[in-house]
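**Student:** For reference, TrEMBL lists these features for the protein:
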TRANSMEM  20-44  transmembrane segment
DOMAIN    77-292  domain 'ABC transmembrane type-1'
TRANSMEM  81-105  transmembrane segment
TRANSMEM  117-137  transmembrane segment
TRANSMEM  174-192  transmembrane segment
TRANSMEM  223-246  transmembrane segment
TRANSMEM  271-292  transmembrane segment
Amino acid sequence: MKKRMSTLFSLIRRDKYLLLMFSPIFLYYVIFMYLPMPGVLLAFRNFMPGQGMFSGDWVGLRWFEQFVNSIYFWRLLRNTFLLAFLPLLFGFSIPIIFAVCIVEIKNRTFKRFAQTVTYLPHFISTVVVAGMIINFLSPTDGIVNTLIASLGMDKINFMMDAGWFRTIFTSSDIWQSFGFSSIIYIAAIMGIDPEMYDSGKIDGVNKFQELWHLTLPSIKPTIVILLLLSLGGIMSVGFEKVYLLYNGATYETADVLSTYVYRMGIEGQNYGFATAVGLFNSIITFVLVFAANSMTRRLTKMSLW
């Protein structure tokens, strides 16, 4: 026992600065992820504001049954899945293509400029991005509608048309994230052994063959891991952007589980029901992660665990 403790303290002394850097992240997860976990019990109780967390009548699966039988159930599932899946479907390959292009650019000045321009949107606040979208798509003086009017067509009230919400959300999400997401792929490509490319040139391969047979297979593990991580969040659509962009007219295509939980819990003060919906979402996400990991392990022999 003393030997183990001595070894532990020696490791702490050796890695004290790394542990110090890690401590804020560790505390964040402990305080905001693990300590609130007992609140999950609210999903099975008839909780009322002002009572203790463990007070209220035990109602079992009543809130879950109420949610599943709700007229909004399938709409919420459909919207949550589509608003998470569409950016993944149309945007997952863009960072890979961009990373390949950046690595191939020889002009350092242009390369730095392109990287800076594409990285910046990631650091713009979601509130600012939503404000930009609303201003650009304004039916009165927005840039897009001004251009549409100049072409002799009728202006479109994009933000009040449910049919446009998914397109707006998906395109803005891709624009905001693809540059920053490409950093990992750029690092993976830069880590490929240059001798592989030299051998390919000797064999007479062209750029497309080099990309298909050398670059992509070399970064395949990175692609698989990032795809699995993306699939893990497929039911966790960003609440902030949806909440800032949607309105009553676009509920049919914009209302997702997180916004519904907010309305039921914060606005409606039905905390038990809101907790049940949130727990349902977490369970679905958990199942999807395990299913995606299992499927990937069978198909590619690679997985998160």
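For all residues, glycine too, the Cβ spot is worked out from N, Cα and C.
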**Student:** Should the transmembrane segment (20-44) and the transmembrane segment (271-292) be scored as in contact, given a threshold of at least 3 Cβ pairs under 8 Å and pairs 6 or more apart?
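**Tutor:** Yes; at least 3 Cβ pairs under 8 Å.
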**Student:** Could you check whether the transmembrane segment (174-192) packs against the transmembrane segment (81-105) - three or more CB pairs closer than 8 Å, residues at least 6 apart in sequence?
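**Tutor:** Stretch pair touches.
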